[in-house]
Amino acid sequence: MNRWLVPVLTLLLTGAALLSILAGTVWLTPGQTWDALLSTAPDLPGLIVREIRLPRIILGTLIGASLGLSGATLQGLLRNPLAEPGLLGVTSGASLGAVVAIYFGFASSFGLATPLFALTGGFVTAGIALLLARSGGTLALILTGVAISSITMALVMLALNLAPNPYAAYEIMTWLMGSLSDRSWDHVMLALPFVLPGLVILLLTARALDALTLGEVQAESLGVPVTRIRLMALAGTALSVGAATSIAGSIGFVGLMAPHLVRPLVGHQPGRVLLPAMLAGALLVTLADVATRTLIFGGAPLNIGVFTSLIGTPFFLWLILHVRRRTA
Amino acid sequence: MRLAALLAGLVLTALPMPVGSADVPHLPKRPMRVMSMNQCADQLVLALLPPERIASVTWLSRDPDGSLMAREAMRVGINHGLSEEVVRQKPDLVVAGSFTTAATRVLLRRMGYPMIEVDHAESFEDIRRITRQVAQAVGEEAKGEALIARMDRQLADLARNAGPRLRVAAWDGAGFNASEGSLYNAVLEAAGADNVANRPPATSYGRPDVEVLLATAPTLLVKGAGLGRKPGLRDNVERHPLVRRYWDGARTLTIRQATYQCGTPMVGDAAIALRAELRAAAARVKTPLPFASARDL
Amino acid sequence: MSDLILDHIVVRRGGRAILDDLSLHFPAGRLTAVVGPNGAGKSTMLDVAAGLLAPDAGAVRLGETPLPAIGRKVLARRRAYLPQRAGVEWPVNVERVVALGLTSSLPAFGALPDALLPAVEDALAACDLLALRHRSATALSGGELARAMLARAIVGDPELLIVDEPTAGLDPRHAMDAMRRLRTRADAGRTVILAIHDLDLALNHADGIVAIREGRLLAEGPVLDVVTEDLLCTLYDVRVRILRDADGVAVRFLDDRRPG
């Protein structure tokens, strides 16, 4: 199983991406898609494939990969199966940054403002969480993260209250539910320089996360610089998830669920969870994105974050109960 | 909101206090201090009554983006929809909207203020009904009928010189589609435009996404401006490169929120103005969209 | 193989000296037991000896080289450290837990290199874990887990092995078993240091004793020379009798306040 896991996940992800390029408001045949990829003509399939669906698939993959990988890293770092990017305040910090950028006019004055503000927000909250929890260890880090998330969400509400735009609250609620609709190559170009280094940094923690299976003291004695690893995990999360949040809003649950999906298949070793969790996250977001475009309930398409939580949570519960029964 | 009203009602009936139909005050025949607590009712009150008979209208009505009667609104007092203001301004008739907080309405009725409630208009028929309702309440039936007759004449004129229908995609300041059954859509149709976002493949009550725009290839994008040009998320997402490439400039028409927001007889004027704007914009469009089928411009 | 030398070590925490000018010598090829009452500073001393805690004053040398000069990865290969209640936080199997002892020798990515597989096999065999190698470490009994952790510590064949309370919570058979395995390491020429509360085990298995009280050295030397009733009485504030017979040495603590 182990040896096949990564190839199988890659294959599934490719399949989901293919489905995603065909499905949508306008359904395309594989032939049309192929022609559209090869041509540069501004006809309907060409524009849809090249300018709408390709960037959307790439964004979905990047965002899902960020969420899955950083969830797996944080769970390994904190040795807590409930850890996820949102827990450390990265998501809410990024949301705060984005809200400030969007509603106080920075976003319209220069294009990079939203992702930069969101990244800064993510970094600041993650940094504060780390600083406050420096002496306390893992539990303190988690509790501080929860506290900072709450404060940051309150600040988001405050920013919305003060926003000059009367539709801010409605818009931001939609945005916070996550969406990949109408994203373009511009967004890919904004996300890539942050997401890719973030993913690399996170992947580099693999060996250290394995050692942390034995606890921080033993890991330290095995030559693992635990403090630096903690910094890397947070910086990688802030970079990748911060950028992802700034582009697509907050897509909950993927960061929590993706590692759990693959963990039993790699013998629970935290370092080995990373790569499959990254692929699983990308797969989940890509599939959820296809679903939001094709399953329409009562005229309104679901937001992607709503979908991941709504469909994901029962499955997740089943998974937990199932795994517990099997190992107990 | 209905639930809140129901709950408030239950609480009130449980109180040992004289509440009931016996205490509903009689509406005055010719109220002299009318207070409107709803942005749309404001415009009706302003159109029907001279300033000296108006105690106040909402502060929103002074914004020309949102109100067709902003100039008239500057000459009367304002309120913010608070019951405390009612107590202070001592109106002899309160005009509340169905969106006025249920709790406020229940409270005002309990305090014995004469009040009428005005629905939100979603069609020209709604406009006639509501105009008659308010006109009767303020004792200006003749004036109300005159306003309605004027609107009907304008709509009939528009229908007579229909001309070719324009294909547009229209949404409002919050990013909601001008959907079937909304006043926005009724005004668009009267002005001679068909909203392609109301038919498949579009599915949403929201602004149609770029795929829908490509598939339907509307001649113009009609955007409600919202209240002023406040920065918002739609600046971010509406700026898809394809929208910029194919619709920016001549193919985009931004219209005042006042055009479609409130159901008053003055939308006749708004529809005439909108038709002129639509025709002028369509005349500026020179080349067809490359992905549209040949029949469309 | 090299001795471990602690030279005038001082560790302060909140103004209080946890270790107060402590100088110790742990010779190679010896099993040295560190004894003392709770709070004497045994664990702190082991942390300093392992290079995990920098002392406020003094130096630690492995052979001739001060610990900070050795480098994190090299030190991790030359020295192994097992804290109290060492455990595993994910249900990883025993084989992989043991292989974690080789972390500092591994490349950043990929599976365990083939060249390191024999070391894992040897460690599993040395600790009687071959039959348990695919068992999840969180499903082991206390004795089995202790063996797995010891195998994890010795898999890289470190010249210095530091163990904090390896027998705590183990039944007599498993406790003696653990001591025997540490003994084997010392006999192979490695420096082995352990902190321990069970004096019977310490006296019967260790070569040397280090007695610490309130961060100061009370006595240091070969077990038979150093351990007297007077020393233990001072060390623990309890009356002590040492019983020797053909089977070995036993320590009996006498409760003065016991009625009757």
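Each position is counted from 1, following the chain as shown.
Each Cβ is built from the backbone N, Cα and C atoms, and glycine gets one as well.
Note that the structure is predicted; figures quoted are calculated from it, not measured.
The transmembrane segment annotation in TrEMBL covers A:52-74, A:86-106, A:112-132, A:139-160, A:188-209, A:229-262, A:274-296, A:302-321.
Listed as Cβ neighbours of the transmembrane segment (A:274-296) (distance under 8 Å, sequence separation of 6 or more from its ends, same chain) are residues 5-6, 9-10, 12-13, 16-17, 19-20, 23-25, 56-57, 60-69, 71-73, 76, 179-180, 199, 202-203, 205-206, 209, 251, 254-255, 257-259, 261-263, 265-266, 302-304, 307-308, 311-312.
Stretch with the largest number of CB pairs closer than 8 A to the transmembrane segment (A:188-209), among A:52-74, A:86-106, A:139-160, A:302-321: A:52-74. With Cβ pairs under 8 Å as the measure, the transmembrane segment (A:302-321) is packed most heavily against A:229-262, out of A:52-74, A:112-132, A:229-262.
Cβ atoms under 8 Å from those of the transmembrane segment (A:229-262) belong to residues 5, 9, 59, 62-75, 77, 81-82, 84-86, 88, 90-95, 97-98, 114-115, 117-119, 121-123, 126-127, 129-130, 141, 175-180, 183, 187, 190-191, 194-195, 197-202, 204-205, 208-209, 212, 273, 276-278, 280-281, 284-285, 288, 303-305, 308-309, 312-313, 315-316, 319-320 of the same chain, restricted to positions at least 6 beyond its ends.
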